[in-house]
Every structure is written in C-alpha cells, then in structure tokens.
C-alpha cells in the first residue's frame with residue numbers, strides 16, 4: 001500500500017499465509033435495521049372455511065395494516081380486499097400515497113382480539129366478527145423528515161365481515177361495531 005504513495009513503481013511483495021487446516025468461517029450476524037413492522041405470519045387456520053378460518057383471516061388482515069404502510073407491499077392486502085370494502089380501498093390508497101410521496105410511516109403495530117365470532121349468514125355467506133384492535137402510536141413524516149401527522153395509541157371495536165371468493169378469504173367490510181340496541 002505504501003508504494004502508491006511513495007512514487008515507487010514496484011509494489012512491496014505481499015507475504016502469503018498458508019494453513020494446512022482450513023479455518024472455520026464465522027457467519028456474521030445481521031445487524032438490526034429500522035425497517036418497520038415485519039409482515040405477519042399467515043396463520044394456518046386461514047385454510048379452514050369455517051368461523052375459525054374467518055377469525056384467523058380477519059386477525060391477519062388487520063395486522064397487515066402497518067406492514068403495507070411501511071413496505072409498499074400491498075399484494076396480500078389487495079388479494080384479501082373485496083372490491084366494495086371502503087376501509088380496504090382507503091387504506092390501500094394511503095399506502096400508495098406514502099410510497100409515491102416518499103413519506104415515512106412509523107409505528108402502528110396492531111394486535112387484534114376476537115370478541116365475538118358469529119355463525120355464517122346462510123343468505124350472504126358472510127362470517128361477521130366483532131373485534132377489538134389495539135394500535136400503537138403512528139407518525140407520518142414527509143420526504144424531508146418533517147412530521148406531518150401523529151396518531152396516538154388507540155383501541156377500537158370493529159365489525160369485520162369475512163367472505164369466501166374462489167376458496168380464499170376476502171374482507172367484505174370493516175366498520176364500527178354496532179351498539180347494542182335495547
């Protein structure tokens with residue numbers, strides 16, 4: 001290395017080390033990075049076509065929310081969204097806006113608690129479920145890093161309606177949980 005700085009045209013000879021035994025190679029540990037929420041694991045119960053499958057699919061779908069907002073990977077969300085689901089399409093539009101504008105979504109990890117799983121409606125084929133979601137605080141920053149929106153930690157009770165389309169679960173509607181009338 002010194003030859004390049006000294007003006008000499010001849011590089012210093014480099015000693016070569018040899019070893020009769022191969023040295024063990026160590027695999028470096030990956031360093032953690034700030035990448036946001038990890039895509040939730042698809043539950044095997046989603047393979048069922050009953051109320052248990054509907055509950056697993058609803059939970060998985062709602063837990064995908066922070067993932068689609070941070071990753072721009074909306075394929076699973078789109079596949080599970082019925083064309084008439086307003087919540088689904090609004091969330092997808094927000095995820096696309098974040099990606100297109102270079103904005104950054106942080107936080108929002110979501111956990112879902114199934115409160116009530118109803119029997120399948122024989123006329124519509126829909127499985128209604130009442131759920132409680134717990135969502136961690138959210139911050140959205142623009143491309144310059146300036147905070148443009150903050151949402152505090154929140155707990156919300158929702159009615160989510162799950163249907164089947166060609167053997168797969170789709171979200172038909174996500175709305176506030178109806179209040180008991182009585």
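All residue numbers here begin at 1 and follow the chain in the order shown.
Each residue, glycine too, has its Cβ placed from N, Cα and C.
Unlike curated records, TrEMBL annotations are generated automatically.
Annotation comment: TrEMBL describes 1-11 as compositional bias 'Polar residues'.
Sequence annotations record features per position, and here TrEMBL assigns compositional bias 'Low complexity' to 15-24.
Look at TrEMBL and you will find 39-48 tagged as compositional bias 'Basic and acidic residues'. For the compositional bias 'Basic and acidic residues' (39-48), the DSSP counts in helix, strand and coil order read 4 helix, 0 strand, 6 coil.
If you look up TrEMBL, you'll see 39-174 marked as domain 'DUF6318'. Mean pLDDT for the domain 'DUF6318' (39-174) in this predicted model: 97.
The region 'Disordered' feature in TrEMBL is assigned to 1-52.
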